[in-house]
């Protein structure tokens, strides 16, 4: 202890420093005091004004001011404007003005503000007629309230952050700063409530003050008037300059605009501003947009707290905004919130209108906006006292700025969208120019380019670039170059189809390698116009020749290249720049004769005109790769025949190119294709062949002819591939699969991959087999939402409703087989009536099948083609069959509604739409059970896109606490647990809406090919049913006629065969040893007809117009060659052919074997004949409708069998599963997939909101309706009122003293994810916690939280009246208010002696402890000081370990008091120790004498941590105010501060 004491004496010696070295000399000491200074707050404000009011340095900046002549706001360069945009002088004026505007919020009756600025007298006055300042003596401060708030720093009525205020005042500086920077400052106010009139004047920068003049005001109205004369010297001015007066005058207009219902007068003249919109008009008056039109302003008063106006800006983003009448010239969170909302909606419009432009980002949209915002924000925060930038987070605004749809629509029409698009177009062109090519002789880095030797040279205009379709075509072209040479011909292969640049995005164009390579090869330059042949000499090639296949895809490639050039350089098409190279599509050869055809219609015409066409060898060329190198050389040798030049025929060509490739021309394209189909139909009816483009004399082709005669075939083919037939409901790919399956007639399952190969072989499928495999998979799928009748059986994993069929296995692993229903739907008796397609001289699938029911309705269809699209829902096959029966009976069909196999939800009609609803039920315990999803909503997608977001994210509040899955591959079951109190809200909103369990199906896009192969639009399902019925009845008549003829022919054949056998057995007919001609003549003479079946088929094909009835018909032309005469004489070919044909007709008799002459065979033939005749009689007795009924009955019986089999298989699986899961736990798991019996079903309803959405979608079909189911801050879609309290987190069981903020709930829910509500927490001690709604981060450390808990804000004034220590055991410091420590400094800096009641020190004299008055601290020796500190430490130790007895405590206290008296120097009674504020107002000599005691008190802070620690354990210790400690570091946390009743240490 002695060593410690000596060390302490050494350190505390005034003659030595901490190291024991001599202290500095007196001269040095003086220099230190000069360097390290302390200023009062008043001195600091005057010395460093930029901290409080902004810079006072002179500068020049452009700002908005009011022009009296033009009566509008103008931008002007103003002097005395500092770097921070506001001069100090302007700021002190603004503080007074904002105070006047704030009074409107306190007194709604206030309606006048008067502002007078007198430059000559340097006087500014601000008057308002709102509630006056209370003219009453402040009980604590012992002064009048006006005196306190205008003459004492850090005084304010805005310190209670618990109160929601929408005023501008906040920190307690405002008006005092104006007082400090004024030579004279007068306050005059009248309070009607207190019936007093008050007036007081300050001077000399608030260092002097007059006595307040108080008088009775009687019944005078309330008012407050501030008159001040700025201290111009402080602002480096000699007088109020014109520029600063202009700025002050504009601020008057600001207040008139931002203060609703207030008349503002400036220098006696009322300002003509009645509303915020009038103020906005002052800014845009006389300003025009880029088209010379006046700017359009879009204005909306969103609520009582928000007004927003917007127009376009050509000077970057501009904003004029006010928060509680404060001009936030730098904006802030309120401006960002509004701007972001506008930008988000504008971007959605821009995405649709700017698909061909550069990628537009949000900040680029904002750059074109000029935003005006006037708002009232609850307790706003700013980044500085100048209040130019509002920093409060949007969640704490106290209100929301929800812009209406009407406002957003008006914004998109005010010119903002056009302005952004213009900028985007300019930006795109600028980037494209950089990507242009140039003329150069050698190019590097372009793979597969075979460059011409003269490309890019002086002879470049003689060069031709050949663009080929793929590498195989390039090989063909290179082979041909050996004929024409490589100097003037280059070759470049295209990989696939070029980009359609007309509607491609700017990014797509820039990143498309093929387009960029083409530009470099040709040397094209964006934005350059090529108007003459001389301009072509600037390119690397003078011509472009397109060498593509002569099929529909090749035509499309040609069109895309034409479109590429026309879109960027339309002038090039007017010059001889573009050509095409055509090759034969069919070649007919006979010996040395070869005929080439360049289109199929031309070949068909030749076949009709040439009788012996069957004697020619026909070869089809599917692509350029089919031609040999020899043929390539032949093509190039006859260049004139194969080279076709494109010719520009006028504006019509431009129109047709845009028609074919512009997305804007969708309606015109539909009309174009419809006209084409009608023309094909008309020519077919009158027996004309299709039109074709290339003839033997064709040398040039106009662009219009190319589009209308060649490119139209591709577009029509696209529709044929994408849109099904109304009759069989199949697309060509699906029809090819069914055709192959019927032809194969497999009895055993076949692998899907193998079946795909077989389809490609038998049906001439020219595309990849992978797409065929997916077509097979789709035909076999049977999950909910796919097929009502799957035509193929799924044997393996063909996909489920979990992922909408995307989870199917590879085609290599799954098998399929034709469904037993397929041949009942596509009846074999209809096969002979089908008209088949032919390709490559091969008979393939029919044009359409003839099902017994309209399969287009059974399985529905979706497809998008060129100019056309279709969507037809599924219907119940039983309903369809029933309606067909009603039509057969002559009755009106019943109305049918969409129906999906195994779908458990609800389908309800609404106008021309249907609402498909899932199934939901309410379970006990605030749970929702979802047991069915809308059709087309797949289980995995629903979980990820709907349920997952409901759990909450960083930006979205949670709606549910968790969800559990009990789904299978065929059923759906989610059990969703809601947050407490949410069920009633969700029920009110609609469970189906909140959980997105409703979708709509439109009935306005039902398009399909009719029986004439023309696209037809159907308005109602009944129209499809009726058209199918009419056609099918005709075909049933034809089927009956065909079957009757077939049975009669078969009976005649059997009868002839039986008669022939009888005659032969009776030896009545001798044919042996006779020539064939004699044999045939003998048979004809005896009445034997040629083959009756073949003869009937021939007649039937002519009558019914069928192209082919049986495969063996095609063999009639393949006759055997006549044998040469043995004598060598030439044979007459026609005569020999005729003889062979006649002989073949009697093969059914002459070709019978000897076994046919037996009696058994004869009897069998007669029996078969009788059976055919019986069948014929039965058939003749039936009508066509009867045949149809029989087919329908057989189909429905089989349908029941198939579905019963599926149910039995499912039941058997469940039984097996039940046995395997015999345990109790397993049984529970099995029953989890079954809907609960305790659920209350929620009846789906069509809400008004859904109706509005449907109607809006109907009005604007081109615009996709985006309906927000959830508010960004509220995923439930329920927007509670701004003042509504949010429910507390479920984990909190005890009742909270104060509702937590929404962000706290978010945090609790997000921390532990799905299982949050399942956790159990240990109950914590009940502590009074406080939320930090104003905190920007929303978080605080644990230690900070404890300090706030222990020092409640409600105890602010309790200390001053305290007489007992017990009242302060939980802490008496008011750490909840940030301004309290500043208030202390303010009072110290005040030049007016305040009453002692304003003391806020921790001394006992503040508590009115009179037993032993506090003494002024004096010098004490080091021993006394050391002893006092040691005793303080000893007093703390026992409390940490054990509890002392009462007598021991008293003894220690007395010893401590005795030592205190020994060490202190007494103070005379008259000089009672002053409060802390008074002590710091003494002169410099007094401050020097107090130097050592201050160091003593600093050392007493060593026990802070222990004190705080003990307070947590429930001891009687109290943590000092941390904010005070940070300021002064002099308070003590020891118990002696509060528990010594006899005496206490003073500062």
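Positions of Cβ are set from backbone N, Cα and C atoms, glycine also.
Within the set 8-30, 31-53, the record from Swiss-Prot flags 8-30 under the feature region 'Disordered'. Checking the ranges 1107-1134, 1135-1162, 1163-1190 against Swiss-Prot, the region 'Disordered' annotation falls on 1107-1134. Under the DSSP three-state reduction, residue 765 (site 'Interaction with DNA') is assigned to coil, being neither helix nor strand.
In this structure the C-alpha atoms belonging to residue 99 (ATP binding site) and residue 669 (site 'Interaction with DNA') are separated by 67 Å.
The average pLDDT computed for the domain 'Topo IIA-type catalytic' (723-1192) is 88. Each of the recorded sites 669, 731 was ranked by the number of other C-beta atoms within 10 Å, and first place falls to 669. In this structure, the CA atom of residue 497 (site 'Interaction with DNA') is 18 Å away from the CA atom of residue 771 (site 'Interaction with DNA'). Residue counts for the compositional bias 'Basic and acidic residues' (1238-1249) under DSSP, split into helix (H, G, I), strand (E, B) and coil, are 2 helix, 2 strand, 8 coil. All protein chains included, residue 938 (site 'Interaction with DNA') registers 22 other Cβ atoms within 10 Å of its own Cβ. Counting only the Cα atoms, the space from residue 156 (ATP binding site) to residue 771 (site 'Interaction with DNA') is about 77 angstrom. Secondary structure at residue 771 (site 'Interaction with DNA'), taken from DSSP and collapsed to helix, strand or coil, is helix.
For residue 864 (site 'Important for DNA bending'), the spatially nearest entry among the binding-site residues 174, 176, 386 is 386, judged by CA separation. Here the candidates are the binding-site residues 174, 176, 386. The one whose C-alpha lies nearest to that of residue 938 (site 'Interaction with DNA') is 386. Across the structure, residue 500 (site 'Interaction with DNA') and residue 731 (site 'Interaction with DNA') are spaced 26 Å apart at their Cα atoms. Of the recorded residues, residue 765 (site 'Interaction with DNA') and residue 669 (site 'Interaction with DNA') place their C-alpha atoms 27 Å from one another. Annotation for residue 670 (site 'Interaction with DNA'): same-chain Cβ neighbours under 8 Å, separated by at least 6 residues, are 867, 868. Secondary structure at residue 176 (ATP binding site), taken from DSSP and collapsed to helix, strand or coil, is helix.
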